[in-house]
């Protein structure tokens, strides 16, 4: 349905008006920039969602393979549970928070639009015409505001001009419009309004969609809100914000807001947080002239005061809407018609606020998950290191415990015999009295003392024996227990804690190792039980009892009297052999001990096998975290962080080149992000691996708290058109200092200054180590000096947490510790590098040590370092300084001093040499000046 005779040609229109073509160009540039950065945000979000999906799939796949028994040689409940627990604990927590994902998805799905509100429909139409620079809508033919029925209007881009009715976001209505029936210069009023006699609900809700070949509409849709009487503004905004980001303009033509206007604005502020661009439209027919001669002071404007009262404006903001330094968008009031161009500034702030908030939210998700990855890498690395040591320690301590208990069993047999004799002597009278007074069970004893049958006599004798045996058992067991109690203090506490840590990832049902340990410890406690379970001790006692019975001779069955019971007990006690009893108890103790020891060893082997499988999985996961998961997420984090920085501070301007390194070029940058002056390092990663490494290193640098001994990193920007568009570069903007230590030593530095620099470097390295980072490239050119010659460490390009180091050989050959070539090293490599650096500091020059200067190639140098080549002692060196250097560059990392020891040593050297230097010539170090 094309309109005929329309005034627009084939080229996009940008006509005259208060803002002129310049305003439209600025608006187009601003909205085009928003679309461009929104596309990058959308791409980053899409890749982030894919990353989290991949993590979830990896987690589910690994858990499934664990439960189905795949991928393991020796598997059992312990291995399954441990492996599943490993994945569940270490991967399932990495997920996209639903709230943030929904928020970000809504932002990238919403395109911007300009929404025109106003005091009445005429002034809204007038503002639309000013924006487009052409007379599209009538501004004088519409009826009064009370009777106006202006429907919602949407202006979109199209190659041809079309006017149609359509339900918002749905379908076009088949309806004949007046615009279709002939030529027109402005859209006919009948097409703009809802007819009073129209009862078709769809027709009433429909919006008039106008497509035009216009430069501004190529970048953004423009929506004119319907009149208040047809639909409340709050409802219109509510529908719009689901699919669009509105840049709200409010057209004014009166000097004050009416009560109805204030109510409308109060409702908008109550339900929405969008800023509003208030623009006072010039009266029809008036000339647009420079308003400098008639500009009203802001504090005298009634509109300004009303908008302050409504909370839209602040008294600290200038009413003409000039751009401020605030990153958040603020409402503006423009009362001079020629300043409509400030709409481009306002829209830029609205769009930038939206993008910055989204980029910040996305980067927080990235950083949070990266920190989880790094923490997990530390946990996994510690697990890989400590678990084998715990297993070996457990085996060693249990063996010591076993041998100690076995020695007790062998050594104390004679003591046990004496203990049994002593116990019998002590308890004899008590046992005889108890036997005399005991009441028999299941035996009827005549009160007149008449004899009873042989069967009853045997039953009575047996009960007397049982009384003696049970009482003796209890006494012997208690004394035996006390003889091994001290072992609980010396062995059990540490061993049990070690076992608990080894078994905490296992199911409760498989805690058998600890059970066997308890059996070893409690062997003495089970003495009483074994007496009642058919052991050799019990059999021996019953043989003695039979002999007692045989020795008791009678012609006829005796009477059960007190004397008889005492006599039976006396015979039983006297016939017991203390030596045989002690031997039997010790033998039983050793048997139980051997059994528990063997069971413990077997159980520990099973536990070790379970941990072996788990550690294999842990190492695989650790490698995936270091090589894949963390670098991939770090690159997304770098992109979201750089997007945030470029939105806030724009792309930095490159100044003169300051230097070149292996991985980038350093430029001067006069001013960026409020920092002055700056240094800018441009890095062009040649491949995916370098991209990921750079991203991880940037995350470590950005995550570090500010420290006075480290060069500040201000931000980063990704330049997608670096080198004329031939490559993509990461621009790292950092603090600029006066010079590096290499240049400083060449120029000459005093002894006190040099020693203070050494202290500063140690302080900086200690801070890095406290954050879990290893620098790996401490050297002269990576120590920068300010104008006061205080040192700061820079170039954290090789800096990594210990748990994330892959063993790659990095650094500068002269400063590289020998173990770096093996791929297995820790933060002591920085101590080694400091030792070499301290040699230069003490020498006061940049001349190479002789041992290194003779090397013809890098490989030659590396081989010499591995064989123990070190810098020579110079005549100017103080003895304590030389000893400190030698200790720092010791070939054995374990023998190098901790930096917490080095720092006070350096301070002592500085106090001694510099104080003595002020009183007398220094005997140890020359003062280079």
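Cβ atoms are placed via backbone N, Cα and C, with glycine included.
Record features (Swiss-Prot):
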{"type": "REGION", "residues": "1-21", "note": "region 'Disordered'"}
{"type": "COMPBIAS", "residues": "1-14", "note": "compositional bias 'Low complexity'"}
{"type": "COILED", "residues": "189-215", "note": "coiled coil"}
{"type": "COILED", "residues": "395-431", "note": "coiled coil"}
{"type": "DOMAIN", "residues": "652-906", "note": "domain 'Protein kinase'"}
{"type": "BINDING", "residues": "658, 659, 660, 661, 662, 663, 664, 665, 666, 681", "note": "ATP binding site"}
{"type": "ACT_SITE", "residues": "777", "note": "active site, proton acceptor"}
Inter-residue C-alpha distance, residue 664 (ATP binding site) and the residue listed as 'active site, proton acceptor' (nearest angstrom): 16
Nearest-integer angstrom distance between the alpha carbons (Cα) of residue 658 (ATP binding site) and residue 777 (active site, proton acceptor): 20
Among 658, 777, the one of these recorded positions whose Cβ has the fewest neighbouring Cβ atoms within 10 Å: 658
Spatial neighbours, same chain, of residue 660 (ATP binding site) - Cβ under 8 Å, 6+ residues apart: 666
For the coiled coil (395-431), the mean pLDDT of the predicted model: 77
Other C-beta atoms that fall within 10 angstroms of the C-beta of residue 666 (ATP binding site): 19
Other CB atoms, at most 10 A from the CB of residue 664 (ATP binding site): 21
